[in-house]
Ligand SMILES: NC(=O)C1=CN([C@@H]2O[C@H](COP(=O)(O)OP(=O)(O)OC[C@H]3O[C@@H](n4cnc5c(N)ncnc54)[C@H](O)[C@@H]3O)[C@@H](O)[C@H]2O)C=CC1
Ligand SMILES: O=C(O)C(=O)[C@H](O)COP(=O)(O)O
């Protein structure tokens, strides 16, 4: 048996070597020629898995170590008996941490008071439901927008995006990229939607670049139809629109899901899926010894801070989004390189937080958003 694997998937080296042949290649170099005699592919978003790459190959299974699967032509796979899997939820906590860092920056850099603000969470799946919970913990009013769930569920309250968007302080997108159909999300955020927003609204996109019409956003920002944008994902990335980047408040190179925890989960789910399919005896395999960041103990002096400021400061100390923003602006052409050499980032649960002169309410708020080790002195 032969596996082709993307060489940027961590924790994979050594896992299959004694069982079968495995070759590692950069995502963009995984071509039809390379896949010809491969039985399985372990991939990321950087390899288009479609007729071009798969026709005539021996590939029987594709496992993507990512949440999104818009890089896989699922119809082609289904029509050609190629099984495929993604890794649902693998890095959802990481995207939550990314959004938490945006919230932190709103409080620290822009002086926002989040309590009482209205936020539309568009797409309430693994990521969106975490963002909704995080926002509620910060006292925001959450408006959930998810037409597929709204149709399927009776007990949860969902809103129509166009009906509420004019009243929102924040609109954050967490949908898959659906290129067509009733639940199409391609350019879901377009001229029309942007023109309905208040001039103080912040738009965040950490889903897929094509969910927002970049030209429309550029125009809306230039004309101050809405206030600001945070973009992690971009149309045509890694060749991103620099004019747009210069207009957005925080710009990052598609790394919202890049915690090591999230990557480890993605690798684990892919290895186990391949193992189950080909009977390789790795059904329970999981990576161990996930490295910690240099500083995983956080000390916050709460003396003059509101509860919201305590949370904001804690969030940005676990992950400083500004550092990714600065790196991208300094070397925009290195978008893909920055993703490939991404620093160690760990999720909330890997940190020990001490609140100096903090209170029980702050401890319980931090625990409610995913911190496991919180003390006060
Ligand atoms: N920037 C990054 O690093 C990352 C980006 N992502 C992106 O985020 C997306 C969401 O991730 P998850 O929450 O884990 O996916 P999920 O599949 O758990 O949830 C997606 C939700 O969107 C809803 N939805 C579908 N069409 C919609 C529409 N037209 N309007 C509103 N809601 C709609 C679905 O019903 C579902 O509840 C992924 O598909 C991926 O593209 C995911 C992980 C990391
Ligand atoms: O999981 C997803 O979906 C993502 O967007 C990933 O964070 C992107 O991961 P890579 O393809 O860059 O590994």
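Cβ coordinates are placed from backbone N, Cα and C, and glycine is handled just like the others.
These come from TrEMBL:
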- 208: active site (ACT_SITE)
- 237: active site (ACT_SITE)
- 254: active site, proton donor (ACT_SITE)
- 45, 66, 258: substrate binding site (BINDING)
- 146, 175, 232, 257: NAD(+) binding site (BINDING)
- 113-256: domain 'D-isomer specific 2-hydroxyacid dehydrogenase NAD-binding' (DOMAIN)
- 292-370: domain 'Erythronate-4-phosphate dehydrogenase dimerisation' (DOMAIN)
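A Cα-Cα distance of 15 Å separates residue 258 (substrate binding site) from residue 208 (active site). With a cut-off of under 6 Å between the Cβ and any atom of ligand 2, the recorded positions 146, 175, 208, 237 reduce to an empty set. Looking only at the recorded positions 232, 237, the densest Cβ neighbourhood within 10 Å occurs at 232.
Between the farthest pair of Cα atoms in the substrate binding residues (45, 66, 258), the distance is 13 Å. Among the recorded positions 45, 208, 254, the residue whose Cα lies closest in space to that of residue 232 (NAD(+) binding site) is 254. In the three-state DSSP scheme, residue 237 (active site) is classed as coil. Reported as a whole number, the C-alpha separation between residue 66 (substrate binding site) and residue 257 (NAD(+) binding site) equals 9 Å. Cα-Cα distances to residue 208 (active site) place none of the binding-site residues 45, 146, 257 within 10 Å. Residue 237 (active site) has 254 nearby among the recorded positions 45, 146, 175, 254, 257, counting only those with a Cα within 10 angstroms of its own Cα. Closeness to ligand 1 is met by 208, these being the recorded positions among 45, 66, 208, 237 whose Cβ falls under 6 Å from the molecule.
Around residue 45 (substrate binding site), taking its Cβ as the centre, 22 other Cβ atoms fall within 10 Å, counting all chains. Between the C-alpha atoms of residue 175 (NAD(+) binding site) and residue 254 (active site, proton donor), the distance comes to 15 Å. Helix first, then strand, then coil: DSSP counts for the domain 'Erythronate-4-phosphate dehydrogenase dimerisation' (292-370) stand at 43 helix, 10 strand, 26 coil. Of all the recorded positions listed (66, 208, 254, 258), 66 sits in the most crowded Cβ setting, with the most other Cβ atoms within 10 Å. DSSP labels the residues of the domain 'D-isomer specific 2-hydroxyacid dehydrogenase NAD-binding' (113-256) in these numbers: 48 helix, 26 strand, 70 coil.
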